[in-house]
Amino acid sequence: MNQFLLQTTYWVPLYGLLGAILTLPWSIGLLQRSGPRPAAYFNLFMTSLGLLHGFFAFVQTLNLEAQEVLWHWLTVADLDFTFAIKLSSVSVGAMELVTLLSLLAQVYALGYLEKDWALARFFALMGFFEAALGGIAISDSLFLTYALLEMLTLSTYLLVGFWYAQSLVVTAARDAFLTKRVGDVLLLMGVLSLSVLAGSLNFPDLYVWTETASLSPTVATLLGLALIAGPTGKCAQFPLHLWLDEAMEGPSPASILRNSIVVSAGAYVLIKLQPILIVSPVASATLVGLGTVTAIGASLVSIAQIDLKRALAHSTSAYLGLVFIAVGFQWSGFALLILFAHGISKALLFMSAGGVTLNTNSQDLTEMGGLGRKMPASMLAFVIGGAGLIGLLPLGGFWAMREGLSSFWYEHQWVTGVIVLVNGLTAINLVRVFRLVFLGSPHAKARRAPEVPWLMAVPMVSLAVITVLLPLMMQRLSLLPGWTYLNQEAVAVLVISGLVGCAIGAGLKLNRSGDTGFYPVPKAFRNLLAYDFYVDQLYRFTVVAAVSAAAKASAWFDRYIVDGVVNLVGFASLMAGEGLRYSISGQSQFYLLTILISVGAIGVFLTWSLW
Amino acid sequence: MLTPTTEYPLNAYIQRLLQGQALLPDTPNNLLEVVGILKSYGVVLDAYSTNLVYVADHQFLVLFPFFKYFNGDVSLKKLGRHLWHDRINFEYAEYCMKTMLWHGGGGLDHYLDSAEFVALAEKAMQAKTKGNWLVQGLNLLSSEFLLEQVRQLAYYSALGQFWRVMSDIFLTLSDAYDQGKITTIPQVVDYIQAGLVAAANQPITYAVTLDQQIYDLIPQSAGLTFLPDTAIPYVESVFFRGTPFLGTVSYNAQAHEISADQASFQYGALYADPIPVGGAGIPPTLLMQDMRHFLPDYLHQFYQKTQRGESDLRVKICQSFQKSMFCVTTAAIVGLAPHPLNTQDPQEQLANQHYLEGWLDRLATSELSTVQWTELDLAAS
Amino acid sequence: MLSLLIWIPILTAILVCLCPPQHVAGPRNLSLVAIGLTFGITMLLVFQFDPISILPQFAESHAWIDRLGLTYRLSLDGLSLPLVALNALLTWVAVYCTRLDVPRPRLYFCLLLIINAGVTGAFLAHNLLLFFIFYEVELIPLYLLIAIWGGSRRGYAATKFLIYTAISGILILGAFLALAWLTGVSSFNYDLLQHQHLPLTQQALIMGALLVGFGIKIPLVPFHTWLPDAHVEASTPISVLLAGVLLKLGTYGLLRFGLGLLPDAWALFAPWLATWAVISVIYGSCTAIAQKDMKKMVAYSSIGHMGFILLACAANTPLSLLGAVFQMVSHGLISGLLFVLVGVVYSKTGSRDLEVLRGLLNPERGLPLIGTLMIWGVMASAGMPGMIGFISEFIVFRGSFPIFPTQTLLCMVGTGLTSVYFLLLVNKVFFGRLQVPIPAQMPSSLFVLPTVEWRDRAPALLLAILIVVFGLQPHWVLRWSESSTTALISSPALVAEVDKPTAPILPRVPAI
């Protein structure tokens with residue numbers, strides 16, 4: 001029985017998909033007289049089922065060697081698509097985490113979106129989302145992973161575009177899709193090259209191939225860069241990071257997943273790709289470079305945000321930047337720990353933020369204040385989530401960053417500086433946000449703010465408990481070092497950076513008006529950060545302008561040169577004048593013309609062969 | 001009759017009001033739509049009102065109110081229908097309640113901040129949370145945690161009482177129409193106005209029973225009454241201000257689509273665009289959905305005659321609903337006028353003119369110009 | 001058996017003409033039954049078809065005009081089988097989504113049926129002259145369908161189409177005649193010509209004519225300008241047929257006659273063809289971005305996506321050719337779906353303008369299901385995994401990459417550009433607040449679009465489902481073609497050529 005449950009682990013993502021399909025009668029409007037909530041219940045049920053199934057499978061994996069399930073999909077010509085699914089404690093555990101967070105987000109959504117008549121569509125998309133994410137967790141085939149990443153792109157597009165009648169949602173959905181798509185197409189180029197070079201797209205085969213591969217440096221570099229492009233888009237890393245900020249237009253329950261496990265899915269794929277990336281030192285260096293730029297840049301940018309969700313979202317990019325650095329230096333353990341700790345804590349922070357938004361009808365940090373007196377659960381969730389994110393108290397973030405500091409303590413020491421800086425800046429940001437939202441005197445919009453209803457509170461509190469218990473889980477999974485191995489200097493540096501960050505955050509003079517952050521620095525610099533280094537403008541004047549110029553040029557060329565020449569030659573234009581207007585006689589003339597030409601040609605041939 | 005001294009752009013509407021007409025043109029189709037929709041609205045409000053009062057009285061500080069929409073009658077059949085979502089969308093009533101709570105205004109809002117209320121609420125809270133260490137702990141952490149919940153419950157009760165009156169007005173209006181007593185839009189307005197005036201001084205009170213002990217939360221001595229403390233704040237919060245719909249307005253702080261000043265909000269029922277109804281992020285869809293089940297036959301047949309018949313029913317319901325709300329608004333405007341609108345005194349006429357211009361200024365950006373039309377009338381012309 | 005596929009539609013066409021005029025629904029129903037019947041027969045053939053065999057199956061041969069070398073010779077192989085099935089399916093869809101009140105129904109359906117017969121005949125013909133006759137047979141009815149039932153500039157568009165395609169026909173005929181003349185064979189039978197071998201120069205000359213001839217039909221840049229005009233003016237069913245099936249005649253012809261009969265010239269031209277494919281893909285995609293008319297955008301996207309097929313043909317590996325056939329099916333279904341949907345939008349809103357239409361996803365007053373299907377369709381076109389467009393393009397790219405890595409990668413940019421223009425389309429037309437062209441002085445909230453019936457949605461739903469089914473189970477399409485496409489590479493002439501050490505035929509795998 002248990003073996004059966006393990007072997008059928010791939011059903012778990014399919015449960016989500018099935019849930020999505022079950023919502024169809026409501027989401028496409030076949031059932032008009034009754035409401036859409038049964039669709040949500042179906043999805044909750046399927047996800048719970050998946051969680052249960054996955055749990056039994058996970059327990060199995062703890063005692064067993066990793067297993068590989070192969071599935072022949074398609075064999076054509078010299079191409080063999082055999083998908084591999086890996087059942088190890090890490091992959092099944094990741095799938096469980098996905099399913100768990102999805103379940104919590106879905107319960108939360110039932111409360112958050114109780115007034116939304118498009119609930120069925122939302123849950124359909126969540127089921128789809130969950131299926132793609134869960135699939136990525138257990139997939140051991142680059143082809144399958146690529147396909148699932150694309151499904152993720154699609155569902156992100158549709159989830160961000162959930163409120164499609166809202167103008168900023170429209171642009172946000174578009175940008176999310178196109179940015180990720182740029183990464184995906186580059187990744188596809190990499191996948192395709194690998195498929196040709198290595199002959200198989202299953203990760204174990206690729207790893208074997210990498211050991212003996214001899215590629216020219218150019219090809220290796222291009223391949224490596226193509227492979228990291230996909231995760232760069234998914235993880236919202238510079239320069240493909242803009243979409244995450246805009247994606248905050250989407251519903252909060254989706255933001256919970258997006259900022260925790262969707263970005264992590266990209267990083268997870270990157271970690272799986274890491275053994276292949278060895279072929280290209282340039283790609284690894286690029287990873288480190290992008291990661292560093294994003295980690296520091298996004299941390300700074302997040303401090304200057306006045307939008308609650310965006311202040312948290314930019315910090316997501318920053319943490320994923322640390323993952324990029326870790327993968328670039330082949331420290332996968334550090335990368336996984338960061339993903340694990342960040343995913344859970346960030347989800348919790350977003351749950352708290354969603355309730356605040358719902359209560360104040362605002363996301364503007366300058367319009368809040370004093371909510372701590374009225375919303376204890378949300379406040380606690382924020383505090384625990386924040387504490388779980390930064391390296392100060394011995395929660396997830398602390399242990400993850402400690403791992404990072406230990407890893408880079410003797411080699412590439414500058415990275416420890418980056419980690420400490422990100423830790424400090426994140427602490428500043430979180431304390432700043434906490435003060436603006438929960439402390440002080442309330443703005444008019446935050447004057448009446450009863451705590452969120454139980455459908456939102458229950459998942460929030462559950463996740464808070466999980467966040468607190470995370471170190472215990474890490475210990476059970478042997479992810480934590482013994483006390484004797486603890487690098488005490490590193491711990492001290494970490495705690496001090498967290499403390500200093502909190503202190504600065506607590507001491508910052510808060511400005512409850514205006515567009516930018518709360519910096520004791522010149523306004524131009526604050527604006528630079530508040531508007532994300534104006535990268536969107538940069539895009540507008542480079543990539544967007546180039547594509548649109550190319551499009552206009554080719555359309556002009558098409559119309560006036562290619563077609564113009566055709567018309568000029570006169571055949572068409574001459575005929576199009578008088579003779580071509582539709583009339584019975586006109587028709588037959590042309591009928592005759594063609595027949596004559598054709599028959600004439602045949603006639604010529606005929607006489608020829610007679611000779 | 002005073003000739004208008006100013007070239008006020010919306011003077012046509014003012015003239016109409018002064019002549020005893022409504023903001024909505026008096027046409028047979030409009031009358032049918034307004035009365036028909038108010039009939040179904042009355043039925044829905046009756047359900048909303050009952051439930052709001054039930055929640056306030058019987059779900060007092062219940063942490064997990066699983067069955068708050070059941071009105072105390074939990075049966076397997078009802079649970080089945082509830083799970084199938086074949087029910088009234090009480091979420092909309094709560095949405096209106098929260099909107100009122102959030103915007104505040106009126107005596108109730110003021111009273112909820114008074115020391116008198118805090119003291120009364122404290123007693124009830126202690127009685128309810130006795131022995132519940134978790135909730136008490138949370139309340140220690142956040143001193144107004146429970147108090148804020150009780151304030152919300154007070155609004156549950158107040159809105160329930162307000163809607164009880166409105167529901168009765170609309171349902172008796174429909175009966176009068178069925179009996180042929182109502183034949184014009186101004187008669188509809190008069191009927192509603194009379195109903196409001198009759199209930200104006202009805203007291204708003206709230207008390208809960210815990211362990212057979214009655215805890216007063218809004219005693220009669222607080223002096224809260226129907227018109228100033230529920231009706232006017234309700235019109236202000238729900239008809240005029242409302243809250244931005246997630247489906248049409250961006251909450252992005254840097255985009256500044258939402259004003260920082262709640263008083264300048266224009267998202268209420270009189271302003272809302274009916275076209276997106278039925279879509280994502282449009283809470284009034286719930287109300288339209290509820291009303292579709294109780295449409296009188298004549299109105300349903302009227303809708304069937306339009307271009308899309310059944311398939312854009314909720315948008316049409318919303319459009320009729322807006323028409324009817326302009327009739328209610330007319331009743332409120334006329335009722336609150338400083339002087340009778342048919343006065344002959346030039347001073348009073350001038351005061352009335354200013355008063356009406358003030359209202360129409362607010363209504364300038366509303367759907368007022370759209371409700372002057374009807375799809376079928378347009379199709380016929 | 002194969003003759004039935006051609007003669008059932010033709011006999012029905014005659015029947016339709018004889019239909020009494022008061023029978024308004026008669027022609028349509030007759031056509032539906034006839035095409036349904038041919039589709040049924042096609043399915044029967046599919047299940048009797050031996051996918052392993054590389055020989056032409058169900059062959060029929062009757063002498064016709066021996067002096068001309070014209071034989072009535074039909075047969076089916078893995079290359080033509082999917083296309084014949086696609087033709088029957090899309091013709092049925094085209095008949096089904098024709099307006100119920102189409103003027104002159106008898107002539108209209110008669111012409112549609114003749115097109116169906118002509119296209120099927122062209123796919124089945126195993127005689128070059130017979131192919132040409134069928135190729136021409138389809139031309140005149142299509143001209144008339146655009147010229148009579150088209151939009152405001154139908155005269156111009158129809159004539160442009162006619163002239164372009166007539167030139168295409170003349171070039172192809174010329175090439176065929178030259179082929180027979182130069183080889184000195186007195187028959188146009190395909191299998192006979194397949195065993196002939198011409199010097200490279202002569203092959204190249206004939207190849208040039210074929211490339212332009214079929215290039216017009218595919219269409220390849222710069223011979224494409226008839227296509228957007230024809231699509232814009234043609235009514236929806238005609239667009240479905242044009243994009244879904246008729247363009248495939250071009251790529252089919254190239255594969256069958258270019259690659260099949262002139263392998264040396266093909267090998268010589270291949271790098272240029274691959275580059276030509278890149279130009280077509282990028283040019284078509286870029287031009288599509290700038291379009292304001294939904295139909296034109298879909299038309300230009302066709303130019304881009306047909307370029308993939310040329311790339312695959314140029315690469316000429318077993319995998320890429322299989323990809324080419326699959327891409328033909330995939331493009332047929334996807335562009336068919338897109339044109340059906342654009343047609344519904346146009347018939348309900350009276351506009352296809354990207355600057356005018358907004359928010360059609362609106363659940364009550366818009367076209368929500370049509371919008372959903374449109375998202376479905378554009379995602380399929382943009383190569384979303386799980387749909388047929390992804391796997392067909394992947395096979396094309398995977399097959400072409402070893403031969404033409406640079407060109408393949410550049411073509412992949414085209415799939416990225418596809419998502420750009422189609423996302424613009426969805427975002428503009430379907431997202432946002434509902435906005436449609438309305439009569440002057442009418443409040444926008446009171447203008448109501450006509451109801452979308454299930455019969456408007458049904459054909460789109462059918463195609464959308466097929467797109468996913470074949471996307472998840474590509475084997476159901478691929479298995480019929482694999483042997484034939486592999487055989488195409490090792491065609492007798494090529495095998496003969498391999499022995500000669502001088503000829504640069506076998507694809508060179510570049511050292512990467």
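Every residue, even glycine, has its Cβ placed from backbone N, Cα and C.
Note that TrEMBL annotation is computational and uncurated.
If you look up TrEMBL, you'll see C:125-417 marked as domain 'NADH:quinone oxidoreductase/Mrp antiporter transmembrane'.
Taken from TrEMBL, the feature transmembrane segment applies to C:6-25 (among others).
Residues annotated as transmembrane segment in TrEMBL: C:32-54 (among others).
What TrEMBL records for C:74-95 (among others) is transmembrane segment.
The transmembrane segment annotation in TrEMBL covers C:107-125 (among others). Long-range contacts of the transmembrane segment (C:107-125) within the same chain, counting only residues at least 6 positions beyond its ends with a Cβ under 8 Å from a Cβ of the stretch, are 2, 5-7, 9-10, 12-14, 16-17, 27-28, 30-31, 34-35, 38, 73-76, 80, 83-84, 87-88, 91, 94-95, 98, 131, 133-139, 141-142, 144-145, 148-149, 190, 237, 241, 245-246, 249, 252.
Taken from TrEMBL, the feature transmembrane segment applies to C:131-149 (among others). Sequence-distant contacts of the transmembrane segment (C:131-149) (same chain, six or more residues past either end, CB-CB distance under 8 Å): 70, 102-104, 107-108, 111-112, 114-115, 117-122, 125, 155, 157-159, 161-162, 165-166, 169, 172-173, 176, 230, 233-235, 238, 241-242, 246, 249, 253, 257.
Under the heading transmembrane segment, TrEMBL lists C:161-184 (among others).
What TrEMBL records for C:239-259 (among others) is transmembrane segment. Sequence-distant contacts of the transmembrane segment (C:239-259), counting only residues of its own chain at least 6 positions beyond either end whose CB sits under 8 Å from a CB of the stretch, comprise 79-80, 83, 86-87, 90-91, 93-94, 97, 112, 115, 119, 122-123, 128, 131, 135, 138, 142, 172, 175-176, 190, 207, 210-211, 213-219, 227, 230-231, 265-266, 295, 298-299, 302, 306, 309-310, 313, 316, 321, 324-325, 328, 331-333, 335-336, 339-340, 342-343, 488, 491.
Per TrEMBL, transmembrane segment is recorded for C:265-286 (among others).
Residues or ranges marked as transmembrane segment by TrEMBL: C:298-319 (among others).
Annotated transmembrane segment per TrEMBL: C:325-346 (among others), in sequence order. If one looks beyond the transmembrane segment (C:325-346) by at least 6 residues along the same chain, the residues whose Cβ comes under 8 Å of a Cβ in the stretch are 78-79, 82-83, 86, 90, 93, 97, 231, 235-237, 239-240, 243-245, 247-248, 251-252, 255, 294-295, 298, 301-302, 305-306, 308-309, 312, 352, 357, 360, 367, 370, 373-374, 376-378, 380-381, 388-389, 391-393, 395-396, 429, 452, 456-457, 459-460, 463-464, 466-467, 470, 474, 477-478, 481, 485.
Look at TrEMBL and you will find C:367-391 (among others) tagged as transmembrane segment.
Annotation source TrEMBL lists transmembrane segment at C:403-426 (among others).
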### Query
Should the transmembrane segment (C:403-426) and the transmembrane segment (C:265-286) be scored as in contact, given a threshold of at least 3 Cβ pairs under 8 Å and pairs 6 or more apart?
yes
